[in-house]
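Written below as structure tokens is the structure these notes are about.
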Amino acid sequence: MSSVAVIDYGMGNLRSVSKALEQVAGKVRIDVTSNPQRIRAADRVVFPGVGAIRDCMHELRRLNLDIVVAQCAADRPFLGICLGLQALLELSEENHGVPCLGILPGRVQRFDAVKADLKVPHMGWNQAHQVRAHPLWNAIPQNCRFYFVHSYYTVPDETSLVASRTDYSTSFASALARDNIFAVQFHPEKSHTFGLQLLANFLTWNGVS
């Protein structure tokens, strides 16, 4: 039986993510775990996260999961969600600058709260404009709406990494993809039909873009 590890480092939206995966899993086994051996044994890995990046990085290192994340992001289908996307970059300007995992080149910066009428965090439904084809977009229409909750967004060094963009005072990268990695700023587990479709696509994806 195929398996998916959902990484538990104390900051993920674990119940919502696991419940959503279970809805589309079929015969795929869902394992919510912080155990490095069980994570490494999984065929696919989901890296969720909510909260502050400094706490995220502290917990990953405390649990020796930073190395596990890097290993899994290198060799199997890997899905990052929200903070799990941001942690893949090199540096976040949150908390006066926090070094991240450095798996994808780029940085994380805050929305410009000085602009008139711009509410931070960016919270609610917004469109994801697909800028490149990818298996995880299968059966998901262009400009589909997903659910967002975040104050920071990724700025990748390479435009080729961007899989979708979303407008919120600026056009920001709402999904990044490279090889076996697909990572999203929105919450597919809270995005109803098309969020579930993205998760279902992930469970059948072979890790080839």
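Just so you know, glycine gets a Cβ as well, placed from its N, Cα and C.
Pulled from Swiss-Prot, these are the features on record:
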- 3-209: domain 'Glutamine amidotransferase type-1' (DOMAIN)
- CYS82: active site, nucleophile (ACT_SITE)
- HIS187: active site (ACT_SITE)
- GLU189: active site (ACT_SITE)
Around the Cβ of HIS187 (active site), how many other Cβ atoms lie within 10 Å? Please give the count over every shown protein chain.
21
Roughly how many angstrom lie between the C-alpha atoms of the residue listed as 'active site, nucleophile' and HIS187 (active site)?
7
Three-state secondary structure, the residue listed as 'active site, nucleophile' (per DSSP):
coil
